[in-house]
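S.K.: Before I ask anything, let me first share the structure, which is written out below as structure tokens.
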Amino acid sequence: MSLLESLNPEQLAAVTLPRESALILAGAGSGKTKVLTARIAWLIQTGQVGPNGVLAVTFTNKASKEMLHRISTMLPINTRSMWVGTFHGLCNRMLRAHWKEAGLPQAFQILDMQDQLSAIKRMYKVLGIDAEKFPPKQLSYFIGSAKDQGLRPKDVEAHDEYHRMMVRLYEAYEAQCQREGVVDFAELLLRSFELLGANPALREHYQARFKYILVDEFQDTNNLQYNWLKRLAGPQGCIFAVGDDDQSIYAFRGARVANMVQFENDFAVQNRIKLEQNYRSVGNVLKAANVLIGHNKARLGKELWTEAGEGEAIRVYEATSDQDEAAFIIDRIKKLVLEEGFSRSDIAILYRSNAQSRVVEQALFNAGMPYRVYGGLRFFERAEIKHALAYLRLMDNADDDNSFSRVVNFPARGIGARSVEQLQDLATSQVTSLYRAIHRLEGRAQAGLKKFADLIERMRFETRGLSLADLVDKVINESGLVAHFQADKDGEDRVENLKELVNAAASFAIAEGYYQDAAATMVDEEKLITPLADFLSHASLEAGDNAAAAGQEAIQLMTAHAAKGLEFKCVFVTGLEEGLFPHENSIGNSVEGGDGTSVEAVEEERRLMYVAITRAREQLFLSHAQQRMLHGQIRYHLRSRFLDELPEDVLKWLTPKRAHIASQGWDALDSKVWGQSKTLNVGYSNKTTKRPYDIGTGVSHAKFGNGVVVAYEGEGDDQRIQINFGRQGMKWLMLSLAKLEKF
Ligand code: ATP
Ligand code: MG
């Protein structure tokens, strides 16, 4: 059987397991995703299950597309109706099919993070809540973590006034979402979970249907996702999970490695399968990865080996500045492309946080090198696209107040803030949506608003029977958006993007097989949804596949988080500086390990670094800069501890390696600085100590000269600051007495 041919014996055993739950725990590049895909194809090919009896969860939309593509090359089947997608995508699909039972309107809309914040701000206005005292972001985080634990407002325990307020706001937010027919990301999961819980018939239908459930990147599932899987699988359920505890990088969002152990108990997993041969990376890269991750204490433990040769040494570059770092990267890329024959799309540039990409992007742009940024500001998040989507959403669901507020006076049509406020008051008192309230409004304010409502109605009427692309085309023009941006001298790009949205709609329709009327309900298996509604969910859920930049051979830019599961021939990992990577929030802190123990937060950063390194197949470049501009400030950073943890014999320093870190090493430093464990400051907890200078900032002192801030300890008047004064050594100073200046 050809689809089994290229597998090694352990992989083959995993692919062809009988129907039982299994956990494959294996390191990066050992073929976990390959095994999972091959198993789906094998199960179908051997007739053990039909394409509709499989449900597979992937981590990104990109990964699910790739998986479906791979399956369709192995088997002559139509993969269109298969349930392969992200947790969010699959839950959305289920809720679309059973909207009534889930208590949602048929045309419910999905709020992304940005939409959610504007929904909260709108709610604050109505309720008269002080956004300074209860920052919308904190509430959003609070709601998200409550939902991720499966908690509704009534289930959340609040022990102080602040949290009691948060719970009340959570409740009000829920009511608002329900009224407007919108759901946020976490709600998709929770709603779908509750739907299965409350409807035994439905639950049993799905349990009988999905004979095989497969989950990739299992280490990053959170509690709710795990319970959703469990409920979906049912008592006879069979889950095939693959994961790598060393690549768990979403603990800050509630993902739990402990789920792996619980899974083995809950599903009576007989054997834990290990895959130890790495097929992705050359020896030097693999050795660096193995040694690095060996510094973590909280591990289930495994080692990878490869038959591949050592390959090139890992090149390390110390840049004087972020600009210099970018110049180095460009220079190397030119060599890779022109002299070594790599294609641009073989090359990835990874960074810890999105803010770092700007300098590199500028340099690539100046050098005339096409590139593509994943994550960042996604196509569907651009303002002009959001405006167009708001019109489309409003046509689909008139109660969507977020969309209403966004475009009621955009492009400007003389509707004043006062009129909208009046409308809001009326809608609040009559418990109805802004759109519906228009008809109940009287007086002068109504005229303009009525015209707006007529526009929406007219567009709805005139687009009947049109294809999805034609519908979008009509709406961007009729709404006045195109004319508005055409009149703006800097609006050219925006007009281009709007036209790109028409193309995106066209390719979406082709990919999904929608040839007919965009507004007609499709009866496709149990997928009851209009092409327009499907497109709108796609726009909310799409993870970074920038439609506008597709086509060209381009260098790939993304965060280390976004690179998970992917591979590239050449990888640059940039910004390897203390405070940046590892991130400053992690340094000297500890977090809940999931099973009640506490683990150093730096361990999660180290796993992220492990993910970054293991993306490389042939060549790996690591760089750091002595100074960089971040958030409008010049910051001076020490070289990342991760560079010092790598084995010297696989490295080649392109700039002289400087000895500038305490000889006892970072671990000793951490334990000295942070003797007692401290809790990571996340979300809504208030900081108790003040930090006048960020970790990594350059400061000067009259006696010791210039140094870099490394750590803080203590509180109030006793607070001390630790500074590395280079040759003068590492010093602890009383913060209240030390006369320091930023340099
Ligand atoms: P990650 O943990 O990064 O997600 P993974 O374990 O999912 O990695 P895959 O992406 O499935 O690993 O495989 C890594 C690479 O190794 C892929 O290019 C895959 O095609 C290749 N590969 C896996 N198994 C074999 C094999 N038996 N023979 C040849 N190539 C293989
Ligand atoms: Mg994988």
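All residue numbers here begin at 1 and follow the chain in the order shown.
Just so you know, glycine gets a Cβ as well, placed from its N, Cα and C.
Checked TrEMBL, it gives:
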type: BINDING; residues: A26, G27, A28, G29, S30, G31, K32, T33; note: ATP binding site
type: DOMAIN; residues: 5-282; note: domain 'UvrD-like helicase ATP-binding'
type: DOMAIN; residues: 283-565; note: domain 'UvrD-like helicase C-terminal'
S.K.: Determine the binding-site residues, out of S30, K32, T33, lying near ligand 2 in the sense that the CB is under 6 Å from one of its atoms, and give them in sequence order.
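M.R.: From S30, K32, T33, counting a Cβ under 6 Å from ligand 2 as near, the near ones are K32, T33.
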S.K.: Check the binding-site residues G27, A28, G29, G31, K32, T33 for any whose Cβ is under 6 angstroms from an atom of ligand 1, and report them in sequence order.
M.R.: A28, G29, G31, K32, T33
S.K.: Reduce the DSSP letter at K32 (ATP binding site) to three states and note it down.
M.R.: helix
S.K.: For the binding-site residues A26, A28, which one has the sparsest Cβ surroundings, going by other Cβ atoms within 10 Å?
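M.R.: Among the binding-site residues A26, A28, the lowest count of other Cβ atoms within 10 Å belongs to A28.
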S.K.: Excluding A26, G27, A28, G29, S30, G31, K32, T33 themselves, which residues in that chain have a Cβ inside 8 Å of the centre of the Cβ atoms defining the ATP site?
M.R.: D244, L275, N278, R280
S.K.: DSSP three-state call for G27 (ATP binding site): helix, strand or coil?
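M.R.: Once the DSSP labels are grouped into three classes, G27 (ATP binding site) ends up as coil.
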S.K.: Quick one: average pLDDT across the domain 'UvrD-like helicase ATP-binding' (5-282), no decimals.
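M.R.: Summing pLDDT over the domain 'UvrD-like helicase ATP-binding' (5-282) and dividing by its length gives 91.
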S.K.: Counting Cβ neighbours within 10 Å across all chains shown, tell me which of the binding-site residues S30, T33 comes out on top.
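M.R.: Output for this query is S30.
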S.K.: Across all the protein chains here, work out how many other Cβ atoms are within 10 Å of the Cβ of K32 (ATP binding site).
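M.R.: Total other Cβ atoms inside 10 Å, all chains included: 26.
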S.K.: Count the Cβ atoms, other than its own, that fall within 10 Å of the Cβ of G29 (ATP binding site), considering every protein chain shown.
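M.R.: A count of 25.
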